[in-house]
């Protein structure tokens with residue numbers, strides 16, 4: 001089914017207000033969830049909203065909390081989220097990273113005691129739209145086995161890198177081949193994943209999303225490489241924020257909250273003039289896109305470029321929402 005932006009936002013806000021979230025905060029939060037869904041990140045927009053409400057009801061998310069600055073070292077700052085709403089806090093932290101970058105050329109904000117930020121790509125995109133290179137990542141609950149193991153000991157720890165090209169070029173990826181949100185999307189659509197998503201109970205690679213959702217044996221992105229990347233991202237976020245690690249969140253909390261996040265903005269225009277920047281970026285993009293495709297009907301594309309098309313289509317024709325997801329939202 002398809003719904004309008006306003007209808008979707010209205011449902012989000014209705015649910016938030018019914019949970020006694022303050023009106024202005026409910027409006028802002030509903031807007032971000034609607035924006036995320038309209039942009040095509042369904043797995044971390046409308047699909048994720050019931051989980052967000054569950055954590056709100058459990059007290060993991062404190063809707064009226066506000067982040068505070070703990071430490072300032074020029075271009076680097078350390079903040080405490082106090083378990084505030086994750087996507088609203090992340091937006092503020094990338095804004096702060098850009099403010100620091102405008103003063104220093106680069107801005108780094110490390111955040112502790114944060115909640116799930118939903119679609120991490122929103123914050124990289126936020127920076128790139130204003131001409132900055134945006135980089136951010138978060139640690140998470142241990143929901144993936146390290147390479148060679150059966151038990152979950154590392155997080156999917158999404159990493160985002162956004163470059164201010166036209167359209168914006170952005171990598172938004174978890175350290176697993178698929179996030180649990182994307183596994184849900186595939187399962188709801190009744191299809192297998194395009195590549196191996198994890199391991200079955202007999203240690204064989206599988207493309208069945210339901211199997212991996214159940215046994216929690218995600219495939220790390222690039223096998224041992226994704227496993228290693230998850231570990232070092234966790235270490236850096238923990239150290240820069242003086243916050244909780246994946247191990248601490250998993251062992252000491254009863255759910256995924258109080259995670260650690262890093263937001264980086266780079267004012268590239270201080271390093272290169274606009275004309276030269278555009279020429280260099282266009283050459284890179286043209287060189288990649290003109291590679292001969294394996295399938296003539298599937299032209300080579302750059303990461304993130306599809307979101308511009310998806311957003312335009314969803315604005316014009318309505319936002320696709322799975323029937324079961326919509327029913328669940330209406331029941332909240």
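Backbone N, Cα and C atoms are what each Cβ position is placed from, and that goes for glycine too.
According to Swiss-Prot, the features are:
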- 44: active site, proton donor (ACT_SITE)
- 168, 169, 170, 171, 172, 173, 174, 224, 225, 304, 305, 306: NAD(+) binding site (BINDING)
Pairwise CA distance, residue 168 (NAD(+) binding site) versus residue 44 (active site, proton donor), rounded so that it is a whole Å: 20
Residue 174 (NAD(+) binding site) to the residue listed as 'active site, proton donor' - Cα separation in whole Å: 12
Cβ packing number for residue 170 (NAD(+) binding site), 10 Å threshold: 23
Structural state of residue 170 (NAD(+) binding site), classified by DSSP into three states: strand
Among 225, 305 [binding-site residues], residue with fewest other Cβ within 10 Å: 225
All-chain count of other Cβ atoms within 10 Å of residue 174 (NAD(+) binding site): 25
Alpha-carbon distance [residue 44 (active site, proton donor); residue 172 (NAD(+) binding site)] in Å: 12
Cα-Cα distance linking residue 44 (active site, proton donor) and residue 170 (NAD(+) binding site), given in Å to the nearest integer: 17
Residue 44 (active site, proton donor) versus residue 225 (NAD(+) binding site) - Cα distance in angstrom: 25
